[in-house]
């Protein structure tokens, strides 16, 4: 006998679970459709080359297919990279699309925490060139509306800007090639203490001094305070610039007079001044650059906040300088939403702007912003609520005599009237057992065919209000009324 | 740049396609729910050992995952074997379940014919012990109701019994270990000529004579005629039995008198008679056995037909002795449904009874019967019809002036009222271009914010009935009325 289990990190979803997941996905779909989204469906596996070099250090978690001849393939890791491939391949420049599907990660699973190797993603993205930040606002608006819809309590969307983090890293002197790795370390701050994150940052090439500086700055919660801190540093450099400015003329003279008759010594001296000035100017312009980047990012966050106010969801939004998002491909706004009463569950929606991903596949410039709903995390919160596993409204029971044909005719009439119904398919007529099945299934109308009533042309109908005998030809009408009353 | 395509045998489903598939699946789900089905969701990949030796010669088409350490896995080939594994693992003895999901086959793809390497299956199964044939009847009833729902024209469900085919093979003298292979050859009769199928049968170990006999018998369309042919042969053997019966007493005497004082010669003579009798008896009882099997299978088909009459779908059912179904695991009724106006598309639903599959995983006896809807084949028929790619009802257009905030407020009000709406997200105001977008998307209400009307506190609203100026505060009410009129 083969071993009776599912592969590591995967589970079977039983009827109650499956129905709940379906209802979560329906709510998401309804919101996406409300915003005019188009759905697409891409293959479960992609060419391995499509996925390579897109996920940074997470690439090692990609599930590959066996080489059985033909294409070398891998299971999709998310729905975003396949979407970028889709946009590039079909030369789409503008689209609002949603996609729901399973994605696969060879991660260490933690089923009880809702971390699986196979899980649903439910994505909405807007691509194309529009009024800046407007698409970002609509995406976040939808995220908030979806979270509110589940009535789980207060939800908060934290947001940040990748370019603001970049400016921070420039400010503390981290080389650009290390930034993505440091970003993915910072992103763990919601789950880990700063001490642990600091070790990871040092392992990834930060100095202790740099981690301290980062810790202090990312702790600031007020956006204008962040701006002030960046501009203040700029102010300090302004003094240096004045001082540099005095020597600049010397330097320029040197450049112009290279072939003049100054003594060797004089030229050397001027050259030294010149190179000192150049160094200072480079450092200064670097500073100016990251201060500019920071200011632009802050302006964008502010503009976004304005739009979110117009869309009436601003009360659920907070700036959070520690939010980074793990994946490499983000280039602008990033956000994550969670329920404040469920801090352990973590973020239940997340997303951001990724303007350069399509360019990895083609020459088209297709800026994108999108989000992914954490269906199984919402599921892990909602599964405590009582749900039904089926839609059955009426159970057609078997009495002492079997009366199979009569029961089949009745259940068939119910189906014809669009009423969800099941019949006892056996010949056993244990009343208690059948009622118990109906009760457990949440079925609240039971019709019995084949008792004494039958000789009088009647059937017995049981609801919460009691049992009554009704004429066979009137039973459908009675059932419809009973169902309407509820 | 990576190569811009999906793996062989897979495609991207664009919005129109995706929406159509979704609507097909919704119809199936509604019918399953009407019959009280529970949905489950099993992993996309299973342990390889779960799938091994379940699909006969098709096993070579299983997609395996790379061995990256840990479990050896493969993508599911259908939803039936995982369902049997589910029933065994969770010790379920009774269930009516449906499941919708992608399955994977490394077959030679033919995209234009709707044959993909990755495709949807949409399965409904009833497992458990009930009144015989009742569950089979309900499954076929649902299949017919679903096919009717799509309004594609006349649909026919052909049905047969695996045991009737088995009796046929026994009758023509095919060894039991070859039967599954011959079954899968016979199954190709709807797509191939008998000449080609005959070659395959001979390659699989039939004699030419046997293929001729099979060809003649499977051509019979009347069930009672099939019965007559089996019983007629039985009649011929009855004569032989009478003759054998005469000698049987001799034989029994021999057995009892082994140690008596008959001469060696006498004993030898009686032993010869005895072995001849045994041979004849064996052959006879074999004959009796397959004639019994045939009669029982025919009785079951007849009982099923009666139930289908009670469920009012009998007019869509035909007996077809050539129907075999490719897969090994069927043990009873098998069926396939198609649309008579689309013979090239082939069967769009298929299924049957498989009573022994769960026993391959555990000791429980859980008989099952089920069906699978060929979603992508129905899709290939329906895609010629006009469909919309999105649900958008209202487009909020941009006039000469941008009026971004006003447009955002209006579209937000539409969303709050549950009206599917999109706004122009750019600042360009080319009226023709925007109307063209709305027309192509099937949007039939266009509201323009920012024209001359604005100074008068109004907006312009366009529907098929023409353009009118309405007050800004009344526009939602006007839109609701316009949408109701359609």
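FYI, residue positions are counted from 1 along the chain as it appears here.
The backbone N, Cα and C atoms fix where each Cβ goes, and this holds for glycine too.
According to TrEMBL, the domain 'Aminoacyl-transfer RNA synthetases class-II family profile' annotation covers A:1-323. Positions annotated as L-histidine binding site by TrEMBL: A:78, A:79, A:80, A:105, A:121, A:125, A:325, A:329, A:330.
TrEMBL feature annotations superimposed on the structure.
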{"residue": "A:78", "record": "L-histidine binding site", "contacts (Cβ under 8 Å, 6+ apart)": "A:55, A:103, A:121, A:327, A:372"}
{"residue": "A:80", "record": "L-histidine binding site", "contacts (Cβ under 8 Å, 6+ apart)": "A:123, A:125, A:327, A:329, A:354, A:357, A:370, A:372"}
{"residue": "A:325", "record": "L-histidine binding site", "contacts (Cβ under 8 Å, 6+ apart)": "A:162, A:183, A:187, A:334, A:336, A:350, A:352"}
{"residue": "A:330", "record": "L-histidine binding site", "contacts (Cβ under 8 Å, 6+ apart)": "A:162, A:352, A:353, A:354"}
- Message: Can you tell me how many other Cβ atoms are located within 10 Å of the Cβ belonging to residue A:121 (L-histidine binding site)?
- Response: 19
- Task: Please find, for A:78, A:79, A:80, A:105, A:121, A:125, A:325, A:329, A:330 as listed binding L-histidine, the greatest distance between any two Cα atoms, in Å.
- Result: 21
- Task: Using DSSP with the three-state reduction, classify residue A:80 (L-histidine binding site) as helix, strand or coil.
- Result: helix
